[in-house]
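Visitor: Here it is: the structure, laid out below.
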Amino acid sequence: MPVSTTTTKNGTLVIAGSGIASIAHITLETLSHIKESDRVYYIVGDPATEAFIQDNASGTCFDLTIFYDTNKVRYDSYVQMCEVMLRDVRAGHTVLGVFYGHPGVFVSPSHRAIAIARDEGYKARMLPGVSAEDYLFADLGFDPATHGCTSYEATDLLVRNKPLNASTHNIIWQVGGVGVGTMVFDNAKFHLLVDRLEKDFGPSHTVVHYIGAVLPQSITTMDKLTIADLRKDAVVKQFNPTSTFYIPPRDISLPLDTMAKKLGMDDASARPVSLYPPSRWTGTKFTTAPAYGPREKDVIAKIDTYAAPKDHKILHASRSMKKLMTDLALNPKLLEKYRANTKAVVEATEGLSAQEKAALNMDLAGPVHAVMKATPSDITDGREMSVDAVASATEPSAALILLLV
């Protein structure tokens with residue numbers, strides 16, 4: 001069922017993420033809401049990010065970690081965190097909740113708060129952030145599209161006996177909190193996870209212990225271990241609530257030739273398992289395309305004589321158009337005004353062309369995209385789109401980066 005955007009109440013709730021790396025992972029969108037919200041609630045991973053939020057906020061700030069306590073059930077803390085934000089929403093304030101990482105990934109109070117706010121008739125939305133998994137992809141250097149990827153929370157994996165796939169990448173979250181419902185993290189139940197991993201992969205298979213660096217002074221943890229190593233007390237002591245396991249694929253998943261033929265893919269079994277570069281973590285059985293094989297050398301040789309397609313479009317927009325689009329992206333209050341009275345905002349913006357005004361007044365992505373791009377020949381000849389052509393423009397699909405060559 002689609003979420004209704006029609007509300008009759010003044011309070012609003014936005015939930016955002018601060019990412020993992022201190023300050024650096026805060027998006028421009030999140031920063032704009034920090035600057036403009038009446039109330040900013042946060043639970044972040046380091047004091048530098050906390051200071052950055054407080055220094056940039058124009059409203060009042062509140063640290064939600066106050067609701068944690070050593071032997072207190074975490075669920076109770078989450079309910080309280082959610083409710084204090086909702087109280088300000090109900091009081092008519094613009095409320096921002098900032099959570100460590102991605103606000104919707106392994107975060108309970110964010111989803112609860114948004115659902116309750118919407119049920120009560122308030123505007124509520126979530127902004128994306130950089131999760132531990134995003135950071136892990138970058139640091140460990142693998143693409144989940146190659147081999148596929150499964151992702152589980154450690155305790156849930158065990159309790160619900162979720163399937164692990166030896167032919168895919170596997171990510172296991174919160175390995176330092178197996179069976180823990182409070183704030184006491186002693187790894188007392190960690191051996192149960194090791195039993196499961198040994199059963200599915202064997203004792204000699206690789207597991208990478210990962211923790212993304214937070215402060216500028218922090219060092220990223222990327223420790224390559226075997227599953228057998230996980231039974232050593234000195235190793236177990238290294239795991240904490242921010243620890244994540246990456247388990248690379250052990251087995252090759254062979255192509256189904258009959259399906260490959262139906263898809264028009266010839267010689268599927270001879271294709272490399274992955275594009276260059278080879279994984280740092282998988283074994284030698286996984287073949288990889290060469291960095292400079294015959295095909296690569298051939299296409300590289302064509303770079304200097306390459307000519308762009310005649311229908312290739314480049315950025316072509318007035319200074320006013322570019323500034324207004326930037327402001328709409330980074331100024332929540334202006335965006336709200338634009339959506340409430342589009343024509344007034346457009347008319348108040350000087351320097352727009354007739355086509356740009358027409359596109360903006362339609363408040364549709366397709367026309368806006370169309371008037372901001374043009375072919376070099378159209379620019380040289382002074383050809384402009386007609387208003388009818390602008391109105392009929394549709395939003396182009398994003399370019400696809402295909403896995404197989």
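Placement of Cβ uses the backbone N, Cα and C atoms for every residue, glycine included.
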Visitor: From Gly202, Gly212, Gly283, grab the residue that Swiss-Prot records in the same S-adenosyl-L-methionine site as Tyr100, His102, Val105, Ala132, Gln174, Ser243, Thr244.
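Guide: S-adenosyl-L-methionine site check in Swiss-Prot: besides Tyr100, His102, Val105, Ala132, Gln174, Ser243, Thr244, the record includes Gly212 out of Gly202, Gly212, Gly283.
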Visitor: I want to check the contact list for Gly212 (S-adenosyl-L-methionine binding site): same chain, sequence separation of six or more, C-beta distance under 8 angstroms. What comes out?
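Guide: Result: Ile20, Ala21, Ala132, Tyr135, Leu136, Asp139, Thr220.
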Visitor: What number of additional C-beta atoms lies within 10 angstroms of the C-beta atom of Tyr78 (active site)?
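Guide: Tyr78 (active site): 21 neighbouring Cβ atoms within 10 Å.
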Visitor: In the structure shown, with every protein chain counted, which of the recorded positions Arg74, His102 has the densest set of Cβ atoms within 10 angstroms of its Cβ?
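Guide: Within the set of recorded positions, the most crowded position is His102.
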Visitor: If I take the alpha carbons of Val105 (S-adenosyl-L-methionine binding site) and Arg74 (active site), what is the distance between them in whole Å?
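Guide: Per the Cα atoms, Val105 (S-adenosyl-L-methionine binding site) and Arg74 (active site) stand 16 Å apart.
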Visitor: Of all the binding-site residues given, Val105, Ala132, which residue's CB has the most CB neighbours within 10 A?
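Guide: By the 10 Å Cβ neighbour count, Ala132 comes out on top.
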